[in-house]
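Trainee: Quick one: the structure is below, questions incoming.
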Amino acid sequence: MLERIKDSFTESIQTKIDAAEALPESIEKAAEMMVQCLLGGKKILACGNGGSAGDAQHFSAELLNRYEIERPPLPAIALSTDTSTITAIANDYSYDEIFSKQIFALGQPGDILLAISTSGNSGNIIKAMEAALSRDMTIVALTGKDGGAMAGLMSAGDVEIRVPSNVTARIQEVHLLVIHCLCDNIDRTLFPQDEA
């Protein structure tokens, strides 16, 4: 078991090294899009399932509260937090619509959808992206593996941040790091700090 634990650390480190080569430009572009969205008085909606739901909530909490610097709250909503809404939609319609119906109600042109799926194939995330596109929203997608069906929904104005791994746990670990990079870039751009 000790070797397996050590291997997990080694694999995680290697995946992050690979991601450090592949992802910085797309992370920077996504952060710039989010900054412009927020400067325009718009908001960011975030969604995911399971661990990715946790990531969506983590991102929203960092924006609504703070990341590492004191600053005003920023508008972000995790669509996975309202159990009454989610269970009503899943019961009355379908689980695939739990995020899309919220986007039709809350999403506005100029808002951003942060869509998170390690496989890129989650049905309710795909429906959420379709709803966002119909509302003239921009999409930032956090994916892994081959990007799945989500990759096919991306337009020129959207950004896919695809972790170079086929292992769900490694993808999730990098997704968290990407979220922290996004939050850091948003904060440092909107609220520059004296680095001295």
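The backbone N, Cα and C atoms fix where each Cβ goes, glycine too.
From a predicted model like this one, the values you see are computed outputs, not experimental measurements.
OK, Swiss-Prot features for this one:
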type	residues	note
BINDING	Asn49, Gly50, Gly51, Glu62, Asn91, Asp92, Ser117, Thr118, Ser119, Ser122, Gln172	substrate binding site
BINDING	His58, Glu62, Gln172, His180	Zn(2+) binding site
DOMAIN	34-196	domain 'SIS'
Trainee: Take the C-alpha atoms of Gln172 (substrate binding site) and His58 (Zn(2+) binding site) and report the distance between them in angstrom, rounded.
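Mentor: It is 13 Å, counting Cα to Cα.
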Trainee: Find the shortest Cα-Cα separation between Glu62 (Zn(2+) binding site) and the binding-site residues Asn49, Gly51, Asn91, Ser117, Ser119, and name the residue that gives it.
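Mentor: Nearest by Cα distance to Glu62 (Zn(2+) binding site): Gly51.
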Trainee: Just counting, how many other CB atoms are there within 10 A of the CB of Ser117 (substrate binding site)?
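Mentor: There are 29 of them.
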Trainee: Hey, what's the Cβ neighbour count for Glu62 (Zn(2+) binding site) at 10 Å?
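Mentor: Excluding its own Cβ, Glu62 (Zn(2+) binding site) sees 20 Cβ atoms within 10 Å.
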Trainee: Once the chains shown are all counted, how many other Cβ atoms turn up within 10 Å of the Cβ of His180 (Zn(2+) binding site)?
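Mentor: His180 (Zn(2+) binding site): 15 neighbouring Cβ atoms within 10 Å.
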Trainee: Of the binding-site residues listed here (Asn49, Gly51, Ser119), which is spatially closest to His180 (Zn(2+) binding site) when Cα positions are compared?
Mentor: Gly51
Trainee: Quick check on the binding-site residues Asn49, Gly51: which one has the highest count of other Cβ atoms within 10 Å of its Cβ?
Mentor: Asn49
Trainee: List every residue in the same chain as Asn91 (substrate binding site), at least 6 positions away in sequence, whose Cβ is under 8 Å from its Cβ.
Mentor: none
Trainee: In angstrom units, rounded to an integer, how far apart are the Cα atoms of His58 (Zn(2+) binding site) and Gly51 (substrate binding site)?
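Mentor: Cα-Cα distance, His58 (Zn(2+) binding site) to Gly51 (substrate binding site): 10 Å.
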Trainee: Just to be sure I understand the packing, how many Cβ atoms besides its own are within 10 Å of the Cβ of Ser119 (substrate binding site)?
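Mentor: There are 19 such Cβ atoms around Ser119 (substrate binding site).
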Trainee: Among all the protein chains here, how many other CB atoms are within 10 A of the CB of His58 (Zn(2+) binding site)?
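Mentor: The answer is 17 other Cβ atoms.
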